[in-house]
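Participant: Annotations for this protein, taken from TrEMBL, read as follows:
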- A:25-46: transmembrane segment (TRANSMEM)
- A:27-248: domain 'ABC transmembrane type-2' (DOMAIN)
- A:58-76: transmembrane segment (TRANSMEM)
- A:113-134: transmembrane segment (TRANSMEM)
- A:140-163: transmembrane segment (TRANSMEM)
- A:175-201: transmembrane segment (TRANSMEM)
- A:221-241: transmembrane segment (TRANSMEM)
Amino acid sequence: MNIRENLMDIATVFWRDWVVLKRRLAKFILSRMVAPMLYLVAFGWGLGRSIEISSGTYLDFLVPGILALNSMNISFNSITPVHAERIYHKSLEEYTIAPIWPDAFLIGKVAAAVVRALISSAIIVVLAVLFGAHFQMTPLFLLVLVLNCVVFAEIGFLAAMKIRTYEEMAQVNTYILLPMSFLCGTFFSTQALPAAVRYFIELLPLTHTSYLLRGIGSGADVSYLSLLVLVLYAVAGWLWGSRAFRRLTE
Amino acid sequence: MIEVQHLCKQFPHRTKDGRQGFKTAVDDLTLSVGRGEIFGLLGPNGAGKTTTIRMMTMQTKPTAGTICYDGLDTRHDARRIKSLIGVVPQHINFDQDLTVGENLELHARLHHMARAERRARIEELLRYVELTDVVNDGVRRLSGGMKRRLLIVRALLHRPRILFLDEPTVALDPQVRRRIWSLVQDMARNGVTVFLTTHYIEEAEALCDRVAILAKGHLVDLDTPQRLRQKMDLPNLEEVFLALTAETQAKEGR
């Protein structure tokens, strides 16, 4: 294995996405401000005034949840164009014919999705501070955010490798991402859910991200078991995604 | 240079009565191609030409059989072989979000070309196919002929030793077709082995040193266009092709 060439391959895949993002950066930033702004206004200012939280304001409670769900959505959706490249434009053939390390494609794409999601997260942090939210940003907070992006970029990659039609891709958003956005401890604590539902919800990665970001953000102690869960999801996503990419040429 | 031995490909397929079965696209294909040769795979639609090229370029795995390039086996030396081959697919498969220049740059980077080398080579090839003016245009804006020329120069960018062309002139007007033929001949003169598929008989006759005729996945005959005509005592390759493929179809129908 030639490590230098493998790193070059990752850089090439990332370079392609960076070229595309750079061209649309202003539009990307503006469009990424809309959803978080609405969440902060509707749930932070509007609904939040009538919600009592034991520590701090509802806005303080809400911001980590918004960061979790937004990084999930952006990282997943950043990678979904790979589906059109595979099915409609057939441009993935450029990578499968090239003498590259197959995992470089997955890593490069995930890295580009993480960058997009982090840019979007930075916008939310700025907006949240302007709205008067209080939270701490530590290196661990950033690590959890990155891990969350990696997990959902890998899920997006897997969907792009496996799913056949645009319609089915949209259904992943409807049946998986949308319910998770609302139920995984983003807008309210999972403690409020019935036991059977809660056990299921607590198996999902976004629940652990919300819990960790909220805990770290407020300076509380957090369970490293949640961090381990996210790492396990990321490793499983890599293994599965790598296998799916290699199977394109079977 | 290229040794193909007993190559087979079967695809999962639902039969007429709705059961799960397999369809044979390529059946026991054996052939070899010499260095610097222009070799044509000729056959009607659905003969298995594209499946053969896809197996030879490691886009799909054979169900059985082996493919070797100068002793390198596609099952064990895929990455090494991929650096030796250039592929011009039948369909346009550019990255639609990138410009002409960026598509070439992506290809050069994927083949580990150094910055100065890739810049010089991109410039040289774009000049060669008269596409310098559109280097910063999106690929969607190119005409059909321009897209074909770009597909070919993209495949040549990393100086492959073997060039695969799958129906390189399909749906092109005669002028562009001739231009692509002369490009392919230039490549072969420079020592590149060319393996192409076509269902245009005149293309095979004008370009190929040898042709293999494929029908329903079977190799029907393999020889120089001239010897095929002599063997069958027919005036041109088109007549030979029609006679051979009709024979196979009659046998299959029996």
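Quick reminder: no glycine exception, Cβ is built from N, Cα and C everywhere.
What's the neighbourhood like for each of these?
Facilitator: Packing against the transmembrane segment (A:25-46) from elsewhere in the chain are residues 58-59, 62-63, 66, 70, 73-74, 116, 119-120, 123-124, 127-128, 131, 133, 187: each is 6 or more residues past its ends and has a CB under 8 Å from a CB in it.
Using a Cβ-Cβ cut-off under 8 Å and counting only residues 6 or more beyond its ends in the same chain, the transmembrane segment (A:140-163) has close neighbours at 67-68, 71-83, 86, 106, 109-110, 113-114, 117-118, 121, 169, 172, 176, 205-206, 209, 212-213, 216-217, 227, 230-231, 233-234, 237-238, 240-241, 244-245, 247-248.
Long-range contacts of the transmembrane segment (A:221-241) within the same chain, counting only residues at least 6 positions beyond its ends with a Cβ under 8 Å from a Cβ of the stretch, are 103, 106, 110, 144, 147-148, 150-151, 154-155, 157-158, 161, 205, 208-209, 211-212, 215.
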Participant: Taking residues 6+ outside the transmembrane segment (A:113-134), which of them lie with a CB under 8 Å of any CB in it?
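Facilitator: Counting only partners 6 or more residues beyond its ends, the transmembrane segment (A:113-134) has Cβ contacts under 8 Å with 17-18, 21, 28-29, 32-33, 36-37, 40, 44-45, 56-57, 59-60, 62-63, 66-67, 70-71, 74-76, 78-79, 145-146, 149-150, 152-153, 156.
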